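Database features, via Swiss-Prot:
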- C405: active site (ACT_SITE)
- 48-49, Q126, 172-174, E192, R197, 238-239, 259-263, 268-269, Y317, G487: NAD(+) binding site (BINDING)
Amino acid sequence: MSSARPVRAARGTTLTARSWSTEAPLRMLQNNLDPEVAERPDDLVVYGGTGKAARNWASFDAIVRELTTLSDDETLLVQSGKPVGVLRTHEWAPRVLLANSNLVGDWANWPEFRRLDALGLMMYGQMTAGSWIYIGTQGILQGTYETFAAVAERRFGGTLAGTLTITAGLGGMGGAQPLAVTMNEGVALVVECDPERAHRRVKHGYLDEVADGLDQAIEKAEAAKAQRRAYSVAVIGNAAEVLPELLRRGVRADIVTDQTSAHDPLSYLPLGVELEDWEDYASKKPEEFTDRARDSMAKHVEAMVGFMDAGAEVFDYGNSLRGEAQLAGYGRAFDYPGFVPAYIRPLFCEGKGPFRWAALSGDPADIAATDRAILDLFGDDDHLARWIRLAGEKVSFQGLPARICWLGYGERHLAGLRFNEMVASGELKAPLVLGRDHLDCGSVASPYRETEGMADGSDAIADWPLLNALVNTASGATWVSLHHGGGVGMGRSLHAGQVTVADGTALAAQKLERVLTNDPGMGVIRHVDAGYDRAREVATERGVRVPGLA
């Protein structure tokens, strides 16, 4: 029986596999489980409560064995974290195809998933955990930064200086919140139930400090707000208790949101349950635990609505908190909007989304070189240039050095081609992988998040992520994934991802141009079809072929 052990991706140019097309997924799988990156690496959990990179350690070892011997005309099939076959394909085909957590409609729920998981037949892949392109908290940082920047522009004159944001959750995703707020010059007070998570965010530079208690947290946050000084502080506690208390005390919040792991009730700590009892209670009495968690979420959301009634800008960050509170009987759960329809959809209409790349060399200098290349290509975009400079100054790498940068249709392929040239010339010490979050413009169906409130009512249509996976497979991506339930939980989302290697070859250049054109192109097409004028303009201006578009 294979057992847990520390995992770390190789660095440098010495290959373990037969080519960079197979070395790349091998290193990124291992990187997902690097102790600097993963939330619970011994359990193969990368982020998001239970999002895993492989089904079990035996499956992990089998995947590694197959990747080290895979040829460039073969494709490895991975079913919910377990390798199930190797097929002869061709050099343009993906080297790996992954399907994670997918269940047929009537069976797409947590109890059925947990039954199958207990039998060893499935795993929960989240979005980038099971697709091997998680880069640590930076992976969600720019999306969170862009959201707060949009709030600042719409409500606070373009800056969060002099504002207080109250939120909760400092896990792999939520940990980006305090830095995203301070990058926008604001103050963040974050509630987190697990002290280890909070101190980890301090260690990685995403959080300024952890307060000794609620009184100190309020005092320091309000002082920084009065001084218009960027600052972030965490308080250890349960959000369902702390947010109502902050409201009761009359703390004036300007913005309120949340990134606890509410997508799975077993990943949300109920009121009255001690941290050390959490895992045992959830595993032994999941139904009772779920009911208590939902009751706590209802109190949490009720407090958020209370802040909204008091004048705060309140939005959901796509973790199903509202839906779970509604299931508990709270009638005003959907009184505040999700972040995508409120702030992000205009970017999706331009094919923009969380494009990212990682340096297989392991050398931070390679990412610094790509930052300079991005500024050279897109330096006229002041907003993007500011992000790249801030990221270079403030973001600590976890595992292999990486960068996230929201680029749109007509931009991603230019970056990919430039990076490939830099590998070929030796300016970069080793190849890069170029991928993205599944939370993208044309790769997800998620009525509680990315596709909430679509103009034509098409929120739940799931053809789009399927088409996206097929398009990327046909375009030359190195590995392609199709998942269910990421971000918002079982029965609530379908989503696809791609990763493509830039190894400096002419073949890689051809693949990169196609994938990094067609992938964001799906976002433009999706939003044209839904009736968005901005998407129609982008399609017309940039030559995206949409039948019937004048």
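From the backbone N, Cα and C atoms, a Cβ is placed for every residue, glycine too.
On the structure: features taken from Swiss-Prot.
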| residue | record | CB count, 10 Å |
| --- | --- | --- |
| G48 | NAD(+) binding site | 27 |
| G172 | NAD(+) binding site | 29 |
| E192 | NAD(+) binding site | 28 |
| A239 | NAD(+) binding site | 28 |
| S261 | NAD(+) binding site | 24 |
| Y268 | NAD(+) binding site | 30 |
| C405 | active site | 20 |
| G487 | NAD(+) binding site | 26 |
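Residue pair G48 (NAD(+) binding site) / C405 (active site) shows a Cα separation of 21 Å.
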